[in-house]
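Each remark here refers to the structure printed beneath this line.
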Amino acid sequence: MAVLHRWKRIQCLHVFTRNLTGKCDYDLLVIGGGSGGLACSKEAAQLGQKVAVLDYVEPTAKGTKWGLGGTCVNVGCIPKKLMHQAALLGAAVKDAPKYGWQIPGTVCHDWTTMAEAVQNHVKSLNWGHRVQLQDKNVKYLNLKGSLVDEHTVRGVSKAGKETILTAKNIIIATGGRPKYPANIPGAVEHGITSDDIFWLKKSPGKTLVVGASYVALECAGFLTGIGLDTTVMVRSIALRGFDRQMAGLVTDYMEAYGTRFVWNSVPKRVDKLSSGALQVMWTDTETGCEHKDTYDSVLWAVGRAPETKTLGLDKLGIQLNKATWKIVVGADESTSVPNIFAFGDISEGRPELTPTAIKAGKLLARRLAGQSTELMNYDNVATTVFTPLEYGCVGLSEEEAERRHGGDGIEVYHAFYKPLEFTVAERDASQCYVKVICERGGDQKILGLHFTGLNAGEVMQGFSLGLQCGATYSQLLQTVGIHPTCAEEVVKIHITKRSGLDPTVTGC
Ligand code: FAD
Ligand code: NAP
């Protein structure tokens, strides 16, 4: 009660101070120092705004915590891509003898060495972000923020100390955190999430990964690649929302290279045995049969929940989508309260990707500083799933193109190709594939482009420019390839699915 009274007094005093002087502490207060929040606050400061950014990390159920920079830097893209690289090196070591390398003895992987190196890199990025904020004159506050009114934010430190801050505009960029499944005994006590895996000091050992989207498949991919016994438990389909054929190629490749898949199954409980092993019981939803196996680790990769619950949004009537708990935003990232904005993973209907959060944040900062009216264009955002065989895409899936244009309204060009790197190494290339989906009539505008193979992200980035510019199939064909690459297969593509001809690329 005493705390409440003290809090109310602080609140009244502060609102009074702001109203009396008519001046706020800051032009812009950003809650959340992740990909989006940092980009936005630095841009705003460069444009002459007085800016503060609040960032605070609640430790995971296992006690894992990290520094400034948000999901991507600490528990997402960066450690994930580095561990993916560790796995790719393992594959390269297996290829190496075919290329003449003489490797004495067995090559094995040491988790601790990899994890320490990755964690040290992440820590250097945390430091880099702090320095950049200082250099750009952004005030960084390691506080957990919540809204008091439309111009006031309450920040609470780890020690519980309160700070009240006021600003003309407030931005919410608090991202999301991994979910645990509901009603599975032992899930939280014995399981970990992607917020823990990259910070483990010891190898997770034999691992069950539950879930089948980006996070699940990427983690299962690198765990398999560094030599761990890894199983993915899929309750429905893999990579929901992606092109079905491409998703199939990704999981086929993973299966061929050692990841186990348990399809149509949901976990029931997790128990810790006296040996320390985790016993997982699950139900096969097709047969109703129950099964069990033991693992060293269970990784829940069952989606992410937005960090909206403790922000005090209800007090201000900020509209949320009641199904996802994300903030409803307009095209200009505005919320239902005029001077409060939200973007990145916290906002409804946006891709959960770092580059979109960064770009949306920078553009918002420019608009708020009165320097621009440009809105974020969320169309044709390219993405890559960093599975052992990478999958990059931009634009529509074949299913979505067919839904929008009808089966007769699209032409699908495709090719199975063999990366040159696979030949000497005698690697199977059955899942290396390119698909270009075009409108059937007129100039055959390209609607979607899909690629599985080496360096899919690097391949896809340039082609995404093509789609932004409205590229057509004939322009694709006018483009001369770079030989010998995998990307050249995209510009050489000529066999339509409709023709029924064999799409296997032969020769140069
Ligand atoms: P975040 O980066 O999550 O930042 C939000 C910040 O706000 C966090 O630091 C959080 O602790 C803080 N915060 C939360 N609440 C408060 C509060 N009340 N007060 C103060 N601070 C608060 N995207 C890609 O583009 N490529 C990839 O390869 C990729 N790989 C990924 C791999 C994994 C395992 C995961 C989980 C995600 C990956 N993503 C990837 C997605 C990407 O990380 C996110 O889309 C991106 O980080 C979102 O940025 P954001 O600024 O919206 O939020
Ligand atoms: P997600 O895309 O929401 O996928 C959740 C997965 O978990 C789905 O396969 C879902 O199956 C399954 N699932 C949900 N509840 C379950 C339960 N109770 N039991 C078993 N399975 C369950 O989540 P995500 O993989 O965490 O990815 C979140 C976002 O992060 C992505 O949308 C992406 O934008 C971003 N990300 C990007 C990258 C990248 O750019 N490379 C990498 C990682 C993450 P159903 O399909 O049956 O629902």
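Cβ atoms here come from the backbone N, Cα and C positions, even for glycine.
Quick caveat, the model's predicted, so the values are computed rather than measured.
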Co-listed NAD(+)-binding residue [TrEMBL; alongside GLY211, ALA212, SER213, TYR214, VAL215, ALA216, LEU217, GLU218] among GLY303, GLY312, GLY317: GLY303
Position of peak Cβ density within 10 Å, selected from the recorded positions CYS77, VAL215, LEU217: LEU217
Three-class DSSP secondary structure - SER213 (NAD(+) binding site): coil
Where the C-beta lies under 6 angstroms from ligand 1, the matching recorded positions among GLY211, SER213, LEU217, GLY303, HIS483: none
Most crowded position, judged by CB atoms within 10 A, among LYS81, HIS483 as recorded positions: LYS81
Long-range Cβ environment of GLY303 (NAD(+) binding site), under 8 Å and at least 6 residues apart: PRO178, LYS179, GLY211, SER213
Close in space, distant in sequence - CYS72 (disulfide bond), Cβ under 8 Å, 6 or more apart: GLY34, SER35, ILE78, THR354
Secondary structure composition of the domain 'Pyridine nucleotide-disulphide oxidoreductase dimerisation' (381-492) [DSSP: H/G/I, E/B, coil]: 39 helix, 33 strand, 40 coil
